[in-house]
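Participant: Features from TrEMBL:
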| type | residues | note |
| --- | --- | --- |
| SIGNAL | 1-29 | signal peptide |
| TRANSMEM | 90-113 | transmembrane segment |
| TRANSMEM | 144-163 | transmembrane segment |
| TRANSMEM | 169-187 | transmembrane segment |
| TRANSMEM | 341-364 | transmembrane segment |
| TRANSMEM | 370-387 | transmembrane segment |
| TRANSMEM | 399-423 | transmembrane segment |
| TRANSMEM | 429-450 | transmembrane segment |
Amino acid sequence: MRQRCRNAFLLLLFIVTWLAIQKPEPAFAEAPKDMIDQLLPGETEMGIQPGDRALDYRAYAPDNYTWDIGYDLVEWSGWKPKLNNPFPLLLNWVANIIFTMSAFIVRFCIFLMQLGFHTNLVNEQLSLVLPIIDGLRTSLFNRFLPWALVLLAAWMIKVGYWNNQTTRLMSGVIGSIVVLAGSYWFYTHSESIRSVSETMDKLTQVTMGALAAPYQSVTGEQVETGLANAADQQLLATSNRMWKLFVDRPWIIGEFNRQISQDVRVTADEAKAIQDRAKDDDLTMGVQAGDSWSHWIRYYASGSKQRDILRKVLGDDKVDHGDHSDIPVLFAGGSAAIRCLVALLSLVATLTLLLFVGTISLILVLSQEMALAIVMLAPIVLLLGLFPERGFSFVRRWFGWLIGTLGTKVIYGFYVGFTLLVADVVARGSGVLMLQQIFVALLFVCAFLFRKKILSQLLGIFQAPTPHEMYETSKREVIYHVKEAKQSWQNTKGNVKKLKDFGKKIGSKFK
């Protein structure tokens, strides 16, 4: 039995030594560049101007938000190895995987939010749409306009002369004249579509900028004023709030068991211990007494020698840690299980955020593409609108669809900003991290469930349908026409079969 234990220990020692030899030295102490920037466009590529605003979600790489343990699995004292408790290391490793995943999801949510609320697809693609509209006007509208006017005159004779319906005649003619005048105005001022889209963007700036004052009252943060800069500044402020709420604050609680990072600062004894360890490894570290521990921990990448020095100093109970003397217990593995719970709660809240922000951003992008498709159909719609009564109703419905697609961005801009503002207030007021993440998750679930009803009520003021209602209407129309086509095909097959049977009967009589 002793021989087996000795062989197992020697095998474990060989594996650990081989891994230590094969482990490459980090080329950089900190990540040279955020890997997410290689996958997703940044603010500059998307046309967002941060100005002097600090971007909290870019201060450190997302994979630097990992929790630390103050010891290694195997430590050496000369030639004598020491095997430490592996269970806290295993739990901490699981917690780091979950929390890193949560941090990357939040960064992706920030990208989706900026994509949905800043990208103006209508203005960017309008230069491609206008030639198509002009071609449809030349090949379709101008060619069939005389025939439409002839049908209008025939309808006027039938309704006014034969049926003697004067009121119906006047309403139908006025509607057709309004559509005809609007058609010529639209073709001569087609560039006005860009102005309408820009007006909607300015309204979005107003709704998002209106949330700056309430947030300043809660946090004391100063947001630059001015309508021209309100949208970008509020968008970036909202992104910072999202990062602090879902990543920064949970990481600080899991790492230091505190909610404010400034409460944990480097003492003189800790700074001396760091410099001594760095000198032994031929490293230079600028850590000084009074610096924030949360900054230096996240400044260096996980697994680097500098990060190892910092975590081992925090886990050394022989060093004077000042007013945070409880941290060596946390770094000795006492907080590993709690970190797993914090990571799981953060992941649940982050997934609800992804569901909410991802759905709304997708709707915003699709609604702008729908607006382009609706604008492209303008020549056909205006031509059909010359027919009395039903034509005018058709044009009015088309115009309502256009308002609905463009107005969705304005309404959702305020809705998302207001939801994040309430989430921040809830998180600050609840105090306990577990309650924070649960309340925030429930809040985003409710916001996701009620988004359609709120959008429908606000757009209903202008009698404009929501993108969801447009989709449902289009789906019903497609299903109806598909069923009609299937029924027509079945009827055609039945008629063909009857003709074949009739032909066979006729042929049998001549045999």
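Using the three backbone atoms N, Cα and C, a Cβ is placed for every residue, glycine included.
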Participant: Against which stretches of its own chain does the transmembrane segment (370-387) lie, if we need a Cβ under 8 Å and a gap of at least six residues from its ends?
Facilitator: 121-122, 125-126, 129, 132-133, 136-137, 140-141, 144-145, 148-149, 151-152, 155, 176, 179-180, 182-183, 186, 193, 197, 394-395, 398, 401-402, 405-406, 467, 470
Participant: Taking residues 6+ outside the transmembrane segment (341-364), which of them lie with a CB under 8 Å of any CB in it?
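Facilitator: Distant contacts of the transmembrane segment (341-364): 94-96, 98-99, 101-102, 105-106, 108-109, 112-113, 115-117, 242, 246-247, 250, 253-254, 408-409, 412, 415-416, 419, 433-434, 437-438, 440-441, 444-445, 447-448, 451, 467.
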Participant: Which sequence-distant residues neighbour the transmembrane segment (144-163)? Criterion: at least 6 residues beyond either end, Cβ under 8 Å.
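Facilitator: Answer is 169, 172-173, 176, 383, 386-388.
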